[in-house]
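What Swiss-Prot says about this one:
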- 93: active site, proton acceptor (ACT_SITE)
- 343: active site, S-methylcysteine intermediate (ACT_SITE)
- 113, 117, 120: [4Fe-4S] cluster binding site (BINDING)
- 167, 168, 199, 221, 222, 223, 300: S-adenosyl-L-methionine binding site (BINDING)
- 106-343: disulfide bond (DISULFID)
- 99-337: domain 'Radical SAM core' (DOMAIN)
């Protein structure tokens, strides 16, 4: 039966080797298939020309390589690309962002999100389910195969991965870690740990697990300089407070691929963008002795939000204060906002929880009609 076949797409190198041993085949054949899938983009066993006929026949009986369907894709004038990907009747978004010298793919880990951060549009649609490892790595497979390498002006090679799309990746640890293993495998995409970044809102126990089992680069969605405000806008803080979070971050900085943690801080007008907030943030990070780089993200408004984007003057003032106090600070440029691909807009084409499937099916029907 089709449903009994193993989808090889989501198996990291060890898992695919174990599968081949279980069907009486050698590990080196597993590595051949692994390379065909991820390095060469081939998903037809018959096209894997260095495999024997009998092995290809056995694989067709016992395994499959299933790639989710791309419902539609969009390209922004600034080179940003976005895909809406079918994951079994629901949909997730993947975004490719061009910047000087690199191409970053923003990968989703869940359909929706459980954390319900007050300023994030993804959380407003509710939570459906975790993505499988195959559905996570498929986003990179699709991007690597469908992006043109160059348009004469831009290089569309994926050089960096950020697990910053829809969902909280550490709430889907068991599937995200094997997918990241594939991203970093030299027989697959060959990205270094420094080029794969996982962003978390602060699932503290899993930060320790991540350091032990993967050790990719870590970014933390902080967004507030104290527990009172963070409890309000990042509710997981009620379970794992700032002290616990920064303790985990300090250890990760000591042992991870970078000697600092990137803290993401979404600037929301008159909520967390006051000079007093900047002062408190500086005092917090210095007192905890966490090596930090700060990435300021101007809030991206979406329909129904009560929040506003700060003025450029307020953003500049906040940044200047942090820099004056010794912190490397960047302001994230808004990219892809004309196709709802900017940070915080990843629910634009994916629907609220109650209407998700109906609207998805309508989108699918409209796409097929075209």
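Each Cβ is built from the backbone N, Cα and C atoms, and glycine gets one as well.
Proximity note: of the listed recorded positions (106, 113, 117, 120), 120 have a CA within 10 Å of the CA of residue 300 (S-adenosyl-L-methionine binding site), given in sequence order. Using Cα positions, the member of the recorded positions 93, 106, 113, 117 nearest to residue 199 (S-adenosyl-L-methionine binding site) is identified as 106.
Using a 10 Å Cα-Cα cut-off around residue 113 ([4Fe-4S] cluster binding site), the recorded positions 93, 167, 168, 221, 223 reduce to 167, 168.
Among the recorded positions 93, 120, 199, 223, the residue whose Cβ has the fewest other Cβ atoms within 10 Å is 199. When the C-alpha distances from residue 222 (S-adenosyl-L-methionine binding site) to the recorded positions 93, 106, 117, 120 are tabulated, the minimum falls on 117. A Cβ within 8 Å of the Cβ centre of 113, 117, 120, the residues given for [4Fe-4S] cluster, is found for these other residues of the same chain: 115, 116, 119, 121, 122, 123, 124, 168, 201.
The record assigns 167, 168, 199, 221, 222, 223, 300 to the S-adenosyl-L-methionine binding site, and the maximum Cα to Cα distance across that set is 19 Å. A Cα-Cα distance of 10 Å separates residue 117 ([4Fe-4S] cluster binding site) from residue 223 (S-adenosyl-L-methionine binding site). DSSP classifies residue 117 ([4Fe-4S] cluster binding site) as coil under the three-state reduction. Every protein chain considered, the tally of other Cβ atoms within 10 Å of the Cβ of residue 117 ([4Fe-4S] cluster binding site) stands at 22.
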